[in-house]
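Peer 1: Grabbed the feature section from TrEMBL, which reads as follows:
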type	residues	note
REGION	1-52	region 'Disordered'
COMPBIAS	1-33	compositional bias 'Basic and acidic residues'
COMPBIAS	38-52	compositional bias 'Low complexity'
COILED	67-101	coiled coil
DOMAIN	108-160	domain 'Pre-mRNA processing factor 4 (PRP4)-like'
REPEAT	259-300	repeat 'WD'
REPEAT	301-347	repeat 'WD'
REPEAT	348-389	repeat 'WD'
REPEAT	494-535	repeat 'WD'
REPEAT	536-578	repeat 'WD'
REPEAT	579-610	repeat 'WD'
Amino acid sequence: MSEDADMKDAPEGVKAEEAEPKEKEAKNGDDKMPPPAAAAGGASNNSASSGSDAIKAAVKAGNINIHQQEHTEIMDLSEESKEAQQEHARLLKQVEADRRARTMVVPTKTEDVAKKLRQLGQPVRLFSENVADIRERLRRFIAASEMEDEEAEKIEGMVAPKPSFVPRKMQMGGEPAAGAAGAAGAPPAAKKVEVVYTPASDALLEARAAIATMSFGRAKSRLAGAKRRRGTPEETSAVDRRAVETFSTMKNLAINSSQFADDRPLSAIQVSPDGGTVASGSWTCLVKLWDIENLEMRKVLRGHSERVTGVTWHPEAYSSDKTLLATGAADKTAKLWDCHTGECVQTFHGHAGRLARVGFHPSGRYLGTASFDHTWRLWDAETGEELLLQFIFSWNLRPLSGNDTTISFCVSPPSVFSSYFLVLAFGFYNELISCSPFVFALCLVLHDPLDRTATTRKCTGFLSQADGALVATGDLGGVGRVWDLRSGKSVWTMEGHVKRITCMDFSPCAYEVASGSDDHTVRVWDIRKQRCCYTLPAHSTLVADIRYSRTSGEVLVSASFDSTAKVWSTRDWSLLRTLSGHEGKVTGCDVSPDERKIVTCSFDRTVKVWAHQDEF
């Protein structure tokens, strides 16, 4: 009997039941039908089907093995494999902790380090630990704690919502403010903070405009040159060859000439931009000029009444009609000299303490001075006018009134800031609220919210970046700062030295600055990344001076009170040469522009020129 006949003889109920699944399949097919646009693409459907056929053929041939999930077998790792995985994870975590610890900023004062350790519940000092070991332990502990906190936050985020915001005042144990009881868990209202700036003079505005114009042009040229060198293998090879020659010269340095320069210790030294003259300053208040070839004295500059603390050449000295030299001294003045005539052409008065360092701006129009009166200043070298005065702030000034109120006041005596008082008012969170209207310059944010203190620190260094946009200063608290001359703002704080910063220098690359300290180290800071990129355990005692080679920047020279100067490669920071020959503390050093000679001065009252042995 045929199937058609069977269907005809079947009752109507059966036919309906058999037709129903077909309708469902058609309906499901309609639900899964692609949109008209997709349906119109017949070629795509054909290619998809051909691709599916190709995969089926590959599976059938055994070229592709696709297993169903229910047939997949998972084998447990052996105990050795589990231990190896755990050890690998532990090592990765340790490497990450070490990396973070190297970039971690911790307090520099011994008492601040001890206070921080107590707050963290850690012992202040372990057996046989020195000050550096204690800071390193604090740094590692903070880095490890941060990593543990991050892991805990990830776990909490997966299993529970984030906790509600708790106002900082309540976290510190204080009572909630009025009206806060009904708004628990809500962030406090933002406080209005008034930032006070000193009105800039017309001369300062003109100077900033000129500095900005110059720095933009120099930065553009420098970046274009760097890109060209990277893109041209020939130029890269030439730079490498010159670096190899420079390193070879530095590795074979020896004393070329030596001269007793004064009756008292020498304090500063620098080579002129043309490389032919050396200027030295001493404790006898005299500045002397020497021929670098044979150390014959050319000129004696008399005018200071106290020991000379810094010397710096005009950027165009001996290369044009300007043969100018600037000096700073403990008599609180800086002087500008004409080296042809030996006369003082300008004296800069204004500092209330002895000067530490002086430095010309790359344009040659401006002179910077750093002083122990807690300030650094920018002067017009042509007119002698003071353009900018900037205080160096830190964290030690005690409040006049009250930790029990919402406002604290700080005051500085007039003996520090000449005849001027400085009064600051702070809120509970230690934001600057207001200050006395006669403050010259201000740049302050309190460091520790639990310790409402603020003060100034003596400024020990001043130097300008090659582009002319930035200057760097250091202080006796071990803190360095980078300032933008175009805006007058502090753009970065360099914290890491255990003791005072004694010297600083910018690399010719313009984004790297090195600082020497009483903690016996030289730190190299990257302004782009805003972190310390390398720490040199340079000497066994105080580092008195550091200088980059000003042409290529391939070499860094450091002078120390351990009676030596050392030459370092800036590519890998390896030691190229230790210059031993002075019988006293080495107080100054510099590299000649041709990078073939190094000059040093010392407490033994001598000036020494170091050169390659073949040049004798």
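Glycine too: its Cβ is placed from the backbone N, Cα and C atoms.
TrEMBL labels come from automatic prediction, so no person has curated them.
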Peer 1: Counting each residue once, how many in the repeat 'WD' (579-610) are helix, strand and coil under DSSP?
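Peer 2: Taking the repeat 'WD' (579-610) as a whole: 0 helix, 19 strand, 13 coil.
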Peer 1: Over the repeat 'WD' (494-535), what is the model's mean pLDDT?
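Peer 2: When the pLDDT values over the repeat 'WD' (494-535) are averaged, the result is 91.
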Peer 1: Residues sitting near the repeat 'WD' (536-578): Cβ under 8 Å, six or more positions beyond its termini, same chain?
Peer 2: 239, 242-243, 246-247, 250-253, 502-509, 512, 514-518, 520-524, 584-591, 593-595, 598, 600, 602
Peer 1: Pull the DSSP breakdown for the repeat 'WD' (259-300) and write it out as helix, strand, coil residue counts.
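Peer 2: Its residues divide into 0 helix, 23 strand, 19 coil.
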